[in-house]
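Pulled from TrEMBL, these are the listed features:
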type	residues	note
DOMAIN	A:202-628	domain 'Anoctamin transmembrane'
TRANSMEM	A:219-239	transmembrane segment
TRANSMEM	A:245-263	transmembrane segment
TRANSMEM	A:316-339	transmembrane segment
TRANSMEM	A:359-379	transmembrane segment
TRANSMEM	A:402-423	transmembrane segment
TRANSMEM	A:435-457	transmembrane segment
TRANSMEM	A:503-526	transmembrane segment
TRANSMEM	A:593-615	transmembrane segment
Protein chains: 2
Amino acid sequence: MVEKMKELVESWSFLDAAESNFRPLVVIELAKGTKEETIEWFTKRIVDKKANGGAQLLIKPLVTENGVENIYLVGASHLRLLLGAETVGLVKECSDNSMRTFTYSSRKTFKHFADDNHNFLTMAECQYIIKHELENLRAKNEKMIPGYPQAKLYPGKSIVRRLLTSGILVQIFPLHDREELKKLSHSWYGRVKVGYQPLDDIRCYFGETIALYFGFLEYFTFALIPMAVIGIPYYVFAWEDYDKYVMFATFNLLWSTVILEVWKRMCAILTYRWGTLLMKRQFEEPRPGFHGVLGINPVTGREEPVYSSIKRQLRIYLVSLPFVCLCLYFSLYVMMIYFDLEQWALDYDKENESVFSSLMLYVPSIIYAVVIEIMNRIYRYAAEFLTSWENHRLESSYQNHLILKVLVFNFLNCFASLFYIAFVLFDMKLLRQSLATLLITSQILNQFAESLLPYWLQKRYNRRMKKRMCSKKTDMDLSLAEQVNMEKEMGTYLGTFDDYLELFLQFGYVSLFSCVYPLAAVFAVLNNITEIYSDALKMCRVYKRPFAEPTASIGVWQLAFETMSVISVVTNCILIGMSPEVDALFPDSKMDLVLTVALVEHLLLAIKFIMAFVIPDKPRDIQMKLAKLEFESLEALKQQICLACL
Amino acid sequence: MVEKMKELVESWSFLDAAESNFRPLVVIELAKGTKEETIEWFTKRIVDKKANGGAQLLIKPLVTENGVENIYLVGASHLRLLLGAETVGLVKECSDNSMRTFTYSSRKTFKHFADDNHNFLTMAECQYIIKHELENLRAKNEKMIPGYPQAKLYPGKSIVRRLLTSGILVQIFPLHDREELKKLSHSWYGRVKVGYQPLDDIRCYFGETIALYFGFLEYFTFALIPMAVIGIPYYVFAWEDYDKYVMFATFNLLWSTVILEVWKRMCAILTYRWGTLLMKRQFEEPRPGFHGVLGINPVTGREEPVYSSIKRQLRIYLVSLPFVCLCLYFSLYVMMIYFDLEQWALDYDKENESVFSSLMLYVPSIIYAVVIEIMNRIYRYAAEFLTSWENHRLESSYQNHLILKVLVFNFLNCFASLFYIAFVLFDMKLLRQSLATLLITSQILNQFAESLLPYWLQKRYNRRMKKRMCSKKTDMDLSLAEQVNMEKEMGTYLGTFDDYLELFLQFGYVSLFSCVYPLAAVFAVLNNITEIYSDALKMCRVYKRPFAEPTASIGVWQLAFETMSVISVVTNCILIGMSPEVDALFPDSKMDLVLTVALVEHLLLAIKFIMAFVIPDKPRDIQMKLAKLEFESLEALKQQICLACL
């Protein structure tokens, strides 16, 4: 223990001597016209020693042809990064293949560690460490940001967050590694190939959250293939017998439970390999937008803004909840207009019976699908505004409230018309047609709006940029200054929320009415294959590199998908019960039919819950490895006590 | 850190000097005729220093009038107990009212701590520490127990467990504290009073598991009172309108969800106060009965018996599962005999129409209730035998499999006839009568078999004992030898399993058919009030004192109760749907009726799940306290790293 400390003390004090080669990792862009004293103070704090409350990082201004432009490059010495890895609690693989929390003193036991191996930490990890250190740069006695009296500070306040909210700091983003990116994009989407995505490489480059999304997308696509394969003959041979549909639906329901349970295991395998399964949760600081009167946090005992929980509850229940209900009502109102239009188109077709009029039959559905997408997007902004106005202290609580709001609305907005057609109009033909139109239109719109449009805009912008620079260099030959200038103009990737949401709605289209339209799974598979490519393109070419974010699971989305699969049991059972073929099996008594359907539904639900309970969330070998680590830490604790008795 | 160690080293080496007054805490009874060398070796190991692999406890033979009888009293010095408290990870209250893991070096910061205050640890805690130390007394190089070549040992095997399985060690049990017990029993059940049980005193005397059971029993009784109060007018005014029943059932269903959720919060409050909510889980050793070929445990890397998981699975699925199914079939068969008897009694009554024959009407139900109880008890032994034959490595896994087996059978055995009457015979009158008979008979039988019978037997035995000792002393004046001799003959309390099971079945009777027989809750409340008294009597007077067992929740029972409350939603909705009054509301279409019932059921289930999700499991102040502790430990970790930079 003592030796370890000594070693650590030495290593920290040797830090200054070790600044040999500066490798830019993160870019800080300050607003134009930021005062000199502010810049001086901020850079001093970044460079300053840990003991003086600094971040002990390296910083260099970016010099371009136009001179200094308030853009700074941040890096750190290899030693500093290793110490930072210990602070953020990175978990790396040891020489004996077990995963352990990295500590500087035990560094020699880790795989691929060598004092001169600067690739021991991936670039994404280094950037994550720097981001963590920058965000944890806290005010000491400063009452305000020097030069900006209106930007108040209090002891312990994150300086970077205050700079961001007061607009002095425009953005912080990690730099792309052009060479790595080229390699990655080649193996990821560069060639048409059958096979898996290079998830480990994606994780090394973009971090765990994004790699896990692509892992889920890939897993989900593979999991849909059996459903798609079974669904194709229904279309090809035009099977309309409901006993075949019953088989298909039953398979679907059990299959969707199995895939969600198996995903948990897959996820555990991935995140164990990446080390995030073992990473300890860090204490959550207030989120950037959180504001309140300065008070004492009862948990930390530190001075920070506090905001009464009752006020927040009032805002949630008196403003947000009514607003969401109003939006839901509006969405239902739009739905009723759609049905009027649909009726009008039918009448028109009957009257005219031309090619034009029969094409017109599809118009209301397409318009409705477009309107749904537009409403979803507008509501999204409103939900974000409201949730941020609710003033949640933690980012996680903010995210949960936002996701709940968005999910409820999107679910109703996308599926209400289908429910109405199925359970009020009892029109299976219309249901099938609507389902197909909605699914396909939303997929096309999404692909276009999410990836192709930004890609095209970005490409056009880049071409202009290059023209302005009057050079015909390829991306690889760009100077650092040019690279930074190009990347800082790229869009910011706003997280995996929209991507998961899209998958969630797709899962709804596939599973809720699967017994009516087995072809949905086929479209979903086709969409997801192109989705992988377009999302990959988006990550690599369209957006700024995002900071890596360690995560151990897909979080609340697992719950959302599971809820959807429970709802789909209910809808499918009702649909099957309503079918004329099943109806014909109970010629005497409708009661028996309904009771049988209800019984089957309850049995299916029971089987689902039992399956979810019986299938372990982690594979046996991961369980063993976790147990081993727990055992070791308990033994180490005992050793500490026992050492003393000798 | 270094200072702490030095202090600890000193305290351990001062241990020998501190043996001033010996307070007997735990009794060890060896078999008669145990070889001298075995006793010598065993006692030496108990007394030996920790550094030599001993337990460093104090031991004295019990000398009675008949000389030494192979009974030993185990105690420990105050200092040794404090160090043991650190080893087992006890959590105690600090001077600043926060709960913290006790460590010897930080002892001064704890409330009521003083070097001469021997009541800082409760007697139950001391006994738990001694049990833990004895069970962790492990073989070093011994190949067998000296004197018993057939009792094999291997390095790391718990000596006490081997002694127990080879019959050399008859039993280990903690001593009662006559004075404390008298105080406790007076405040607990000694006077007729309205009010709460002294849960904190019970916890101090019997430990957390038992106190939590009594806490749950009390909470559950209070929670049933609203149901009982609402149920009484149904009996008094003979309300038979189903709209009133509907109201009652709806209230019941939501209420049962609320009480189960609120219990989690109550439980968190109790266990936080007792420190067990914060206690770290210890590594689980193989359970005493576990056997196998000597191999290497992949988790610990130690030599210990291993038993292939596939063999265990085979035993479970090829033997246990078919056996359980057979028992379930048998139970249903017995049920059918009961219905034959019931029919016969009805016919007999019709033929004779005498007082005797009308009394005979109740006989089949009573016989069936008795048979159910007997079958439950026999099955219990079979389930225990089978589960132990399945050879589970961990006690927790053994318990889970046992509980699952017993719950499934008891559920079917107790409720199958009611389900049959309700949903096959559609005979609500018979249902009400059966329910009443089953509930009341099982309550009377349970109270008798569990508490009164053992109490009476124990009392008779004690009287004989005292007569043999030719003294007319009261319990208080007994010498230590007499007390030990009396207590060692008392029955052993086998844990809270049966007590929880009884409550579980009672909950079933109350909630499954609540809309038919609202009076069930009244009987349950009455039963539980006497149950508290008889269980308290049982704990204090009938059984040996059990070892305290720290626990943070009622474990798998929470899940069992929640499952029951989900099932009761389904049964109650069906019952209401079947009632003629509700039937009359839908004169035209039976379909509408069934669909409405199904809709209501799904809504209720959805509300239940949302409620379970929305109500936080821990009250806000406990959450804050836990967050504070987590924050402090994270800060301490950071401090350790940061200390190094100065």
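Note: Cβ is positioned from N, Cα and C throughout, glycine not excepted.
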For the transmembrane segment (A:435-457), what are the same-chain contacts with Cβ under 8 Å, counting residues 6+ beyond its ends?
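Apart from its flanks, the transmembrane segment (A:435-457) reaches 362, 365-366, 368-370, 372-373, 414, 417-418, 491, 498-499, 502, 505-506, 509, 513, 516-517, 519-520, 523-524, 527, 530-531, 534-535, 537-538, 541-543.
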Under 8 Å, at least 3 Cβ pairs, sequence separation 6 or more: does that hold for the transmembrane segment (A:316-339) versus the transmembrane segment (A:219-239)?
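By the criterion, they do not touch.
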Report, as numbers and ranges, every residue of the chain located at least six residues beyond the transmembrane segment (A:245-263) whose Cβ falls under 8 Å of a Cβ in that stretch; write 'none' if there are none.
216, 219-220, 223, 226-227, 230-231, 234, 239, 507, 511, 514-516, 518, 558, 561-562, 565, 568-569, 572, 575-576, 579, 582, 604, 607-608, 611-612, 615, 617
Under 8 Å between C-beta atoms and at least six residues away from its ends: which parts of the chain pack against the transmembrane segment (A:593-615)?
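Answer is 250, 253-254, 257-258, 261-262, 265, 562, 565-566, 569-570, 573-574, 576-577, 582-583, 585-586.
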Sort out the residues at least 6 away from either end of the transmembrane segment (A:402-423), same chain, that have Cβ-Cβ distances under 8 Å to it, and list them.
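320, 324, 327-328, 331-332, 335, 338-339, 368, 372, 375-376, 379-380, 383-384, 386-387, 430-431, 434-435, 438, 442, 497, 501, 504-505, 508-509, 512-513, 516, 556, 560, 571, 574-575.
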